[in-house]
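Pulled from TrEMBL, these are the features on record:
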type	residues	note
TRANSMEM	12-28	transmembrane segment
BINDING	His84, His86, His136	Fe cation binding site
Amino acid sequence: MDLRALPEHGTLLAGLGAAAAAPVEVYLSTARRMLERMVAQPDWVSGLALERKPGGYTRNFLFGEGGISVWAMVWSPGATTSVHDHHCSCCFGVVRGAVREVWFRPISDTHAVATGEADRGPGYVACMLPSGPNLHQMINAGSEEAVSIHVYGYDHHLHASSVDREYQIARL
Ligand SMILES: [Fe+2]
């Protein structure tokens with residue numbers, strides 16, 4: 001399904017594409033507002049053809065324009081990302097289920113230690129810039145599938161993903 005075919009989402013995505021060239025604060029607030037609308041009425045996700053991977057997660061491309069890209073991530077129970085940071089802005093909203101976000105502090109170019117965590121339930125929206133070390137890991141620690149929508153400040157034609165660098169977890 002092309003999200004632009006949905007009247008409300010088509011309007012939201014057109015606004016996001018137009019905001020991609022705006023100052024970063026304008027772009028981020030547009031992305032946040034779009035995600036807040038999308039997570040507030042989550043039923044539209046049922047119409048998407050989303051890939052699933054038992055025990056893992058999938059990235060499903062939804063939209064790309066003006067150097068930004070929008071993805072739906074499906075998190076099966078037990079799905080865990082690497083510890084990573086981003087080379088671009090990253091906004092996400094949780095549509096269904098819950099994902100745990102764990103933050104890390106780098107102790108070298110290759111290793112990092114956990115500094116905190118939070119469970120993000122349906123309706124949660126966050127935006128962040130690649131402003132210095134901003135390491136995190138996403139985990140579906142529950143027994144239900146989770147779905148989140150991610151808006152990244154990168155052109156999907158130019159980058160394979162939003163990940164800048166990956167780290168190993170240091171056991172101190
Ligand atoms: Fe991330």
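Placement of Cβ uses the backbone N, Cα and C atoms for every residue, glycine included.
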- [ ] Sort His136 (Fe cation binding site) into helix, strand or coil using the DSSP assignment.
- [x] strand
- [ ] Note the Cβ centroid of His84, His86, His136, the recorded Fe cation site, then list each other residue of that chain whose Cβ lies within 8 Å of it, in sequence.
- [x] Thr81, Val83, Asp85, Cys90, Asn134, Leu135, Gln137, Ser162, Val163, Asp164
